[in-house]
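Below is one structure, written out as structure tokens; the observations come after it.
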Amino acid sequence: MRKHPQTATKHLFVSGGVASSLGKGLTASSLGQLLTVRGLHVTMQKLDPYLNVDPGTMNPFQHGEVFVTEDGAETDLDVGHYERFLDRNLPGSANVTTGQVYSTVIAKERRGEYLGDTVQVIPHITDEIKRRILAMAQPDADGNRPDVVITEIGGTVGDIESQPFLEAARQVRHYLGREDVFFLHVSLVPYLAPSGELKTKPTQHSVAALRSIGITPDALILRCDRDVPEALKNKIALMCDVDIDGVISTPDAPSIYDIPKVLHREELDAFVVRRLNLPFRDVDWTEWDDLVRRVHEPHETVRIALVGKYVELSDAYLSVAEALRAGGFKHRAKVEICWVASDGCETTSGAAAALGDVHGVLIPGGFGIRGIEGKIGAIAYARARGLPVLGLCLGLQCIVIEAARSVGLTNANSAEFDPDTPDPVIATMPDQEEIVAGEADLGGTMRLGSYPAVLEPDSVVAQAYQTTQVSERHRHRYEVNNAYRDKIAESGLRFSGTSPDGHLVEFVEYPPDRHPFVVGTQAHPELKSRPTRPHPLFVAFVGAAIDYKAGELLPVEIPEIPEHTPNGSSHRDGVGQPLPEPASRG
């Protein structure tokens, strides 16, 4: 017996056609945000058609960033969009890959759970996909059952890899009933400049391919660089057999935070609510309108250098970039991100050329030796000149290495980059040694997920957080070597936050009388930032960059540092302005 449609959890599937990178994830996130502000409890899920179990071991140039959830899952970057737009933490089950599905099915076959059946894509693979989709409708940790589950199906209709997921979605509709399932298809409407025409044929073919596997979309998102005229929307509705109210024009928006308003203007949320018989309230735009005003009407602009090794693909640092921008929103400031390849900062002259006109330096996470000396060089340059610095994960480790070299440990390094270094100020975590030695799987074995930390009460980070008890998400195998803490402290660097047992260094900083703002964290705070609730560390960092730009913290004139020479302690002094209270801004 099926549940009554007013009490059942509704499922909304988002597919894509014609081309990839049309913005399915942002469309799904924006619709989720719209339904949330209408008073509905929404959760989201991404189905990825690749055979990797998760993106944790994938090349950032191919996949982009790895988004880590509170429970320690390494997931697709779209899950980050979901969390930021819904303003809700999602579980690891919000990302399903073909690799996970096949691994589970094969493990069941080996255990004999299929009782001798011939294991096939249909029904065994599709049944496992359905199980994972339907599991998202279970109550969350607080006992709240979602009103709507939005599931984004990765890939493009017609891809071989996506077929099992589309078939599973079709079967979910058959199982739950048409009144409880909604299909939203995102398609490209290209503009041909020579003829001055918008072309609907690609969308017609894409919908035909979808219908050939048994799925008729309830609504179409038409992606274009301009508004699709009403006449063309009527034509598409007729040829694709879709209600005219379900044909949605979504021209390119100036900001991703404008997309919910675009969908609302086209009344997509109202159409979904009517079609699924959902309870609702009117949209309260107060908070989102304030965000959009901050996005489009900044009072000032600051330039932040993001010094990384994957800067050719900005998606590799997607959450970092969004957290920086959100930190700017708090101050009504626009953050211009300068993408700086770390290789170019190994020398003082290279660092000066890359960082000479920025107001802050951010060192993001990463792996491998390439570009490390450039990150350390960028920190040395910034520290000598009073530039604010924020280091994330590997960024903290680079701050520690630079500090160690400045007090005489000239060969200080990380065991990751130089296993034979005489001064491994960054060491392999004890439970990771077997993995680093190649004796265990790399995937899913790092220190992952949310862990607590205790901050020193009078520290810069405690001032930023406005508390001494924090919890952040992590993804690392290496830690500060406690045997070197006392020596490193001679540089002035302070270990201002640790794990509750005091063993693992979680935060480092220079006191305000040594440098206006140099903060490093072993965590990935960018993963918890929201556009309407920016992360306190990013708020404080952008605030320090604004002060630097305003001339409140003047650069220190120092003699030229010889090339390839570690930064000395004499280059640290001369700046003594305390960090302004971040809460007083914005």
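Using the three backbone atoms N, Cα and C, a Cβ is placed for every residue, glycine included.
Between the candidates G366, G444, G449, Swiss-Prot assigns the L-glutamine site shared with L394, G395, L396, Q397, E416, R477 to G366.
Take the CTP site that Swiss-Prot assigns to S20, D159, I160, E161, K199, T200, K201, P202, T203, Q204: the candidate from K108, K235, K261, K309 listed for it is K235. Binding site for ATP per Swiss-Prot: S21, L22, G23, K24, G25, L26, plus D78 from the candidate set D76, D78, D87.
Each residue in G365, F367, C393, C398, S414, I426, H476, Y478 lies on the same chain as G366, L394, G395, L396, Q397, E416, R477 and has a C-beta within 8 Å of the C-beta centroid of that L-glutamine site, without being one of the site residues. For D78 (ATP binding site), the count of additional Cβ atoms within 10 Å of its Cβ stands at 24 [all protein chains shown]. When the binding-site residues S21, G25, L26, L396 are compared by Cα distance to T203 (CTP binding site), the shortest distance belongs to S21. Residues within less than 8 Å, Cβ to Cβ, of G25 (ATP binding site) and separated from it by at least 6 positions along the same chain comprise K46, L77, D78, H81, Y82, E152. Counting in whole angstrom, G366 (L-glutamine binding site) lies 40 from P202 (UTP binding site) by their C-alpha atoms.
In this entry, S20, D159, I160, E161, K199, T200, K201, P202, T203, Q204, K235 make up the residues listed for CTP, with the farthest two CA atoms of the set 31 Å from each other.
The ATP site is defined by S21, L22, G23, K24, G25, L26, D78, and by the 8 Å test on Cβ atoms against their centroid, the other residues of the chain that qualify are G16, T27, A28, E152, V186.
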